[in-house]
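Quick notes on the structure that follows.
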Amino acid sequence: MGKGNGKSKDSKGSEKSSTKTKFFVAVMGAGSVGKSALTVQFTQGVFIDKYDPTVEDTYTKTFELDGEQVCIEVLDTAGSEVLVAMRELYMKNAEGFILVYSILVKSTFLEIKDIVEQLFRVKEEEEVPIVLVGNKIDLDAHREVSTNEGKQLANSYPNCDFWEASSKDRINVDNVFFSIVKRIKEKYKKEGAPVKEKKEKCIIM
């Protein structure tokens, strides 16, 4: 997939600027699980049906959640087989994490555990906002990972939600990103830390 320089543009190609509550989220997981497809479907409403290994790309979108305008900046990271050394940088900077596996490939699910272990080690926090996503449920007949396995793994971590999704059919795509914002806000609320408003360039929908 051809990608731009990471700047956010509206449907007419012009950059928008607005003061919003902003959250920085990293999407992580093995290669070919659909991280880019999930991210682009949410931010641009387009399904990518061709696999093009990502090095790193950033997308932003503004939307209303619980009566509040929020801006989410999403870092679409490389598959874990590429640029593994950069994982720690993503982990240090992001406020929340969407961890994606393919329900069609068991090894991508098992790899999530390694990512989470490294995540907690790098963040040095008891609770890290996480949303676990079993992607490609439009191909459910070929699944290797059951829904219950996904739920059990999510339940083993604090502050973690679980969704099964389809980037192709846009099933639960919005819920995934809404959930991670809610998890981040809950964490700040527990810590008594204010969520700062920043003037950022975001897609105005």
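Keep in mind that glycine also has a Cβ here, set from the backbone N, Cα and C atoms.
Summarising the annotation, Swiss-Prot assigns GTP binding site to 29-36, 76-80, 135-138 and lists similarity to another entry as the type of evidence. A 10 Å cutoff on Cβ-Cβ distances gives GLY29 (GTP binding site) a total of 26 other Cβ atoms nearby, all chains included.
Taken from Swiss-Prot, the feature S-geranylgeranyl cysteine applies to CYS202.
The cysteine methyl ester annotation in Swiss-Prot covers CYS202.
Look at Swiss-Prot and you will find 51-59 tagged as motif 'Effector region'.
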Helix, strand or coil at SER32 (GTP binding site) [DSSP, three-state]: coil
Rounded mean pLDDT for the residues that make up the motif 'Effector region' (51-59): 73
